[in-house]
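These come from Swiss-Prot:
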type	residues	note
BINDING	10-17, 23-24, 62, 89-92, 100, 116-117, 186-187	substrate binding site
ACT_SITE	11	active site, tele-phosphohistidine intermediate
ACT_SITE	89	active site, proton donor/acceptor
SITE	185	site 'Transition state stabilizer'
């Protein structure tokens, strides 16, 4: 049976991961540990003989830089890459920038867990016209309709922007038998996992995607999922 492989990788640890802050769409770079995680992921993929035909990532530099580091390890810096805001992390609204422990003190542990892990609960919207964390103030989103840009998202809303992009841009490569790498974020990857694994809301609540660890999906010639596993 012909098998096509997809590699999903959450970016390496970011500076705000290290500081235990909600990041969302804020464009924070990798920490030193995050760069090391990306290098390790690249070495693991090289050891396992991966050769990619196409790459995808978000428009946030912690994911972009992770992909660059991985491709450098593979000596595939030439790989065609498509960047899309639809692969961005879930927008955490007013939580963006807050330390998670401080947020728990303010809102309560159960509320924060619902905002973080549930499927359809939305954190408070970000507000303030001059707020540096508002997407409409960012030039990288200048050509995107303001109706499409979120001010906060649940995982459900994240899935609703990720999966149409998956179907339109990524699946055609898989159906051609091409090997794809996607470097994205915890919740955009959780959205893909939910879709591919047909998980219900309680099942996706339990899913946590580690930073910098390759998650492999194998597909048959009809692009049906055969199996998935982490490479460590």
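Glycine too: its Cβ is placed from the backbone N, Cα and C atoms.
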Among 11, 90, 185 [recorded positions], residue with fewest other Cβ within 10 Å: 185
CB within-chain contacts under 8 A for residue 13 (substrate binding site), separation at least 6: 30, 31, 33, 34, 37, 211, 212
Where does residue 16 (substrate binding site) sit by DSSP, helix, strand or coil? helix
Binding-site residues considered: 10, 100; fewest surrounding Cβ atoms within 10 Å belongs to 100
Expressed to the nearest Å, what is the distance separating residue 100 (substrate binding site) and residue 89 (active site, proton donor/acceptor) at their Cα atoms? 16
Have a look around residue 186 (substrate binding site) and count the other CB atoms within 10 A of its CB, chains all included. 19
In angstrom units, rounded to an integer, how far apart are the Cα atoms of residue 16 (substrate binding site) and residue 185 (site 'Transition state stabilizer')? 13
Secondary structure at residue 10 (substrate binding site), reduced by DSSP to three states: strand
What Cα-Cα separation, expressed in whole Å, is found between residue 90 (substrate binding site) and residue 185 (site 'Transition state stabilizer')? 8
Using C-alpha atoms only, work out the spacing between residue 10 (substrate binding site) and residue 185 (site 'Transition state stabilizer') and round it to an integer in Å. 5
Cα of residue 89 (active site, proton donor/acceptor) to Cα of residue 185 (site 'Transition state stabilizer'): how many Å, rounded? 5
Tell me the Cα distance separating residue 185 (site 'Transition state stabilizer') from the residue listed as 'active site, tele-phosphohistidine intermediate', rounded to the nearest angstrom. 6
Within 10 Å of the Cβ of residue 24 (substrate binding site), how many other Cβ atoms can you find? Include all protein chains, please. 26
According to DSSP, does residue 100 (substrate binding site) fall in a helix, a strand, or coil? helix
